[in-house]
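Have a look at the structure below, then the notes.
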Ligand SMILES: NC(=O)N[C@@H](CC(=O)O)C(=O)O
Ligand SMILES: [Zn+2]
Ligand SMILES: [Zn+2]
């Protein structure tokens, strides 16, 4: 089979963490993607423009010397984010979205929003400034079944939010259900969505059948096979409001292999390769470039990348563990293989600006 050359893709949902693990994490993404939307759920969260600027500098310092990776920063929305902070963020030129974590919904979401109506001023300012809202779309009230949290969020939270803020651009992150796919399709042109490789390749059997697999635990949690099929259909459909967002989310090995293991799957070392696998299995490799390299940039109003990456359909072994500061991290497919290899990157040629 032939190699596959694509416009260099971007990752519209990425966790890089901070501190001594940063150099161990960022190079994987920088080798594959031109830009990435960097999630702000650090401890403490990135709630101000000044914090985002400092974090961006730390990311750039941790990048390999020859890379031209561009971190697109985000702000962490809280009940108290003032409209002035949104204006500062928009004026900074380095912040490209604001992230809504419903309080308690996921990893480091404790400072998230308790009631989105408290954020009306900030959301108005975002619509005014053209700054989009990225959403972890799950309700958090304890009684809602974990498998229903996304579905309930769509109708109880997202639909009213879109109505109250008719000019706000929204990205519903990491879709996991057929309901979410339908919601986005029926939604307005200002509603986009990202899809992860794990949700294209696995259903909840991969988490729970024949033993519990903590490295397959992420939020929103893996759903049924019918949901996976709907996601794969959406991703490979050529619909321009579905685009790539890996949600690569590293955690130290012991924090995952734990009686109370935390949520997040580390896919950065093989993320693009996993998408190629999913698209190849669907017979839709010709649709990968739109999903991975065009639609996200178009939605964010940014120029498409000019350079390319090349993948070959050759099996690559994935190590059991990878370095993670003083610790190790277990990537998806640890001790197994992925069916594609990154063979070449043609760097240097900048994006149109
Ligand atoms: N996806 C996850 O399971 N975890 C993410 C947070 C998130 O994106 O919800 C993380 O930061 O670890
Ligand atoms: Zn999330
Ligand atoms: Zn995430």
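Placement of Cβ uses the backbone N, Cα and C atoms for every residue, glycine included.
Here TrEMBL flags 11-304 as domain 'Amidohydrolase-related'. TrEMBL lists 13, 15, 99, 247 with the feature Zn(2+) 1 binding site. Residues or ranges marked as substrate binding site in TrEMBL: 15, 16, 17, 41, 136, 219, 251, 263. The Zn(2+) 2 binding site annotation in TrEMBL covers 99, 136, 174. Per TrEMBL, N6-carboxylysine is recorded for 99. Under the heading active site, TrEMBL lists 247.
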If we take the Cα of residue 41 (substrate binding site) and draw a 10 Å sphere, the binding-site residues of 13, 99, 174, 247 inside it are 99
Do any of 13, 15, 99, 174, 247 (binding-site residues) have a CA within 10 A of residue 136 (substrate binding site), and if so which? 99, 174
Any same-chain residues 6+ apart from residue 247 (Zn(2+) 1 binding site) with CB under 8 Å of its CB? Would you list them in sequence order, or say none? 13, 14, 15, 173, 174, 194, 196, 198, 218, 264, 265, 267
Of 99, 136, 247, 251, the binding-site residues listed, which put a C-beta under 6 Å from ligand 3? Please answer none if none do. 247
Drop a 10 Å sphere on every Cβ of the binding-site residues 16, 219, 263 and tell me which sphere holds the fewest other Cβ atoms. 263
Under 8 Å by Cβ from residue 17 (substrate binding site), counting only residues of that chain that are 6 or more apart: 25, 42, 250
What does DSSP assign residue 99 (Zn(2+) 1 binding site), in three states? strand
Quick one: which of the binding-site residues (13, 15, 247) have their CB closer than 6 Å to ligand 1? 15, 247
Long-range Cβ environment of residue 99 (Zn(2+) 1 binding site), under 8 Å and at least 6 residues apart: 39, 40, 41, 74, 75, 76, 77, 133, 134, 135, 136
What number of additional C-beta atoms lies within 10 angstroms of the C-beta atom of residue 136 (substrate binding site)? 25
Based on DSSP, name the secondary structure state of residue 13 (Zn(2+) 1 binding site): helix, strand or coil. strand
